[in-house]
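**Q** Residues or ranges marked as region 'Interaction with ADGRG6' in Swiss-Prot: 23-38. Swiss-Prot lists His69, Gly70, Gly71 with the feature Cu(2+) 2 binding site. Per Swiss-Prot, repeat '4' is recorded for 76-83. According to Swiss-Prot, the Cu(2+) 4 binding site annotation covers His85, Gly86, Gly87, on the basis of similarity to another entry. The feature region 'PrP27-30 (protease resistant core)' is assigned by Swiss-Prot to 90-231. According to Swiss-Prot, the N-linked glycosylation site annotation covers Asn181, Asn197, on the basis of experimental evidence. As annotated by Swiss-Prot, GPI-anchor amidated serine applies to Ser231, with the evidence given as experimental evidence.
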Amino acid sequence: MANLSYWLLALFVAMWTDVGLCKKRPKPGGWNTGGSRYPGQGSPGGNRYPPQGGGTWGQPHGGGWGQPHGGGWGQPHGGGWGQPHGGGWGQGGGTHNQWNKPSKPKTNMKHMAGAAAAGAVVGGLGGYMLGSAMSRPMMHFGNDWEDRYYRENMNRYPNQVYYRPVDQYNNQNNFVHDCVNITIKQHTVTTTTKGENFTETDIKIMERVVEQMCTTQYQKESQAYYDGRRSSAVLFSSPPVILLISFLIFLMVG
């Protein structure tokens with residue numbers, strides 16, 4: 001752990017040093033430094049907008065008859081028909097519209113990593129995740145008939161449960177209750193869509209089975225959540241990491 005912390009410290013110091021040097025480097029050129037300028041403004045030695053005047057009679061800026069700025073008939077600024085400023089059909093001005101295009105949304109890597117560690121996030125279920133497949137537990141229901149019924153039909157019951165992260169619940173009972181409800185609902189809807197219905201006995205047995213599976217899922221997720229918090233506390237309490245954080249704060253403030 002100590003060696004890893006020292007390597008992290010060296011990496012961040014090198015990165016921030018390079019960023020600091022880049023910020024101090026003067027940028028070449030800039031506004032009003034000569035060369036090409038905004039259209040219609042002169043410059044000491046650079047390119048200019050096409051010279052004013054010089055056209056024939058009725059040509060204010062060098063275009064043909066009825067061409068105010070050098071375009072064709074009905075072209076106000078040099079574009080084609082229906083092109084206000086030189087772009088194609090429905091384009092308002094070449095690269096200007098490209099600058100205003102919204103940037104693509106960035107994927108939140110933190111959320112992706114969390115979903116991969118905890119389970120697959122199910123779309124359309126409001127943040128529920130689908131746990132890993134489990135072996136269906138061997139259970140007894142108080143009478144031989146239900147025990148036999150379960151053994152003969154256990155493959156019709158779910159072997160995965162839907163759940164939310166454990167930190168969204170106050171206790172195990174709330175987690176298990178929510179887990180049982182959403183799992184049975186999703187399984188019955190999916191199975192009914194395939195043309196198979198469940199009896200009251202199926203629902204009764206399924207509730208017991210899924211409850212046991214949700215309890216197992218809670219214990220697994222609680223242990224992983226506790227281990228993750230403990231590892232984070234140990235990492236951020238080590239002297240090299242404290243020194244690294246202090247150095248980064250100093251660079252940002254300075």
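The backbone N, Cα and C atoms fix where each Cβ goes, and this holds for glycine too.
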**Q** Taking the Cβ of each of the glycosylation sites and counting other Cβ atoms inside 10 Å, which one has the highest number: Asn181, Asn197?
**A** Asn181
**Q** Round to the nearest Å and give the CA-to-CA distance linking Asn181 (N-linked glycosylation site) with Asn197 (N-linked glycosylation site).
**A** 18
**Q** Look up Asn197 (N-linked glycosylation site) in the DSSP assignment and report helix, strand or coil.
**A** coil
**Q** Would you mind giving the whole-number mean pLDDT across the region 'Interaction with ADGRG6' (23-38)?
**A** 48
